[in-house]
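*Asks:* According to TrEMBL:
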| type | residues | note |
| --- | --- | --- |
| DOMAIN | 12-144 | domain 'MARVEL' |
| DOMAIN | 150-298 | domain 'MARVEL' |
| TRANSMEM | 52-71 | transmembrane segment |
| TRANSMEM | 77-101 | transmembrane segment |
| TRANSMEM | 121-142 | transmembrane segment |
| TRANSMEM | 154-173 | transmembrane segment |
| TRANSMEM | 185-208 | transmembrane segment |
| TRANSMEM | 220-243 | transmembrane segment |
| TRANSMEM | 273-294 | transmembrane segment |
Amino acid sequence: MSTGVTHPNLDDWNTVCCFFRLPQLFSTCVAFSLVADMGIWRGNIGNWSMSIWCFCFAVTLIIVTVKFFDFESHFPLFWYNLSITYACYAAILCLLASVIYSITHVQFLPDGPLRDRATAATTLSCIASAFYAIDAFVWNYYWPEDIPCYVYTLPALLKVLETFVAGVIFAFLNNTSLYLHQPALEWCVAVYSICFIPTALAMLLKLGDWENILPVPFPIFQLGLTLLSVLLYISALVLWLLYQFYEEFGGQPQWSSDISCIDDLICTWIQRLAVAVLTAINLLIYVADLVYWARQGSLACCGPRGRRESDTTQKVNNSNVL
């Protein structure tokens with residue numbers, strides 16, 4: 001389909017989306033404003049949550065502006081795919097900010113106006129997450145059946161999870177004291193970056209329908225990329241566990257060995273554990289992605305010949321049974 005064609009269903013959705021994006025703008029903007037007005041009481045978690053709400057507000061505003069000036073008509077399919085993908089990320093990010101901010105910060109604030117502000121910001125973040133989720137899922141009812149939507153496929157879901165988990169890892173790695181003292185741990189940080197950038201690039205190629213520019217078939221490209229990511233993540237997981245939790249390598253095996261954990265819920269040891277758990281989770285996601293692309297790669301290599309041989313074998317087996 002030509003990129004200059006706009007499907008009627010998508011035009012209908014452009015009218016419906018206003019009922020979702022205006023509340024998204026309002027809730028993220030007000031949540032950011034409430035926490036920003038708390039001053040020193042907002043804490044590091046508050047600053048992190050504010051960065052998420054500010055990012056979501058800014059990107060949503062860009063989307064609304066592009067729609068208002070009808071810029072998306074120049075690249076409709078890429079723009080619609082990109083909009084759905086962003087809605088998925090924003091829903092997860094706002095939900096994550098709501099949960100972490102309420103558990104690690106709001107409940108420890110004293111009763112009064114400050115806690116009321118933080119509670120209101122958390123509620124608005126949940127509302128924003130709900131509207132972003134509705135924005136992402138309702139697309140399914142308006143998206144034309146004759147146009148493939150990458151976001152609603154299994155590989156796209158895996159890519160979203162891979163990049164999202166990596167983004168959360170980067171948030172914890174904002175504390176440079178976790179890894180700057182040891183070259184092996186610096187390698188782990190490099191692994192997270194090395195795997196994140198090609199994964200995001202692969203998503204962009206697929207969203208823009210640009211995978212044909214690659215010198216190899218896209219399934220083979222994805223298979224090699226995912227295999228490399230799995231190997232790198234295995235090395236990162238092993239090194240992170242060894243140098244963070246084993247005394248022989250200078251690690252701290254117990255929570256009580258970190259004095260800062262007595263007064264701080266998100267202390268250095270907890271951050272180390274969080275990065276280890278997230279690394280293991282992302283490794284499992286990459287393994288699932290590898291299995292998927294291994295199957296796709298085998299189909300790309302065998303092609304019709306492999307299917308014909310399979311059909312011939314099935315016919316012979318059936319004749320033997322008869």
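Backbone N, Cα and C atoms are what each Cβ position is placed from, and that goes for glycine too.
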*Asks:* Considering every residue in the domain 'MARVEL' (12-144), what is the mean pLDDT value?
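*Replies:* Looking only at the domain 'MARVEL' (12-144), pLDDT averages out to 83.
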*Asks:* Going along the chain, which residues at least six beyond the ends of the transmembrane segment (77-101) come within the CB cut-off of under 8 Å?
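*Replies:* The answer is 1, 3, 10, 24, 28, 45-46, 48-49, 52-53, 55-56, 59-60, 63, 66, 118, 121-122, 125-126, 128-130, 132-133, 135-136, 139, 143, 147, 149-152, 156, 160, 164, 168, 203, 207-209.
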*Asks:* Which residues of the chain, 6 or more past the ends of the transmembrane segment (121-142), have a CB below 8 A from one of its CBs?
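*Replies:* Beyond its ends, the transmembrane segment (121-142) has Cβ neighbours at 9-10, 12-13, 16-17, 20-21, 23-24, 27-28, 30-32, 34-35, 49, 53, 56, 80, 84, 87-88, 90-92, 94-95, 97-98, 101-102, 106, 149, 151-152.
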*Asks:* Based on DSSP, tally up the residues of the domain 'MARVEL' (12-144) by helix, strand and coil.
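*Replies:* Taking the domain 'MARVEL' (12-144) as a whole: 121 helix, 0 strand, 12 coil.
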*Asks:* Residues sitting near the transmembrane segment (273-294): Cβ under 8 Å, six or more positions beyond its termini, same chain?
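*Replies:* For the transmembrane segment (273-294), the nonlocal Cβ contacts are 154-155, 158-159, 161-162, 165-166, 168-169, 172-173, 178, 188, 192, 195, 219, 222-223, 226-227, 229-230, 233-234, 236-237, 240-241, 244-245.
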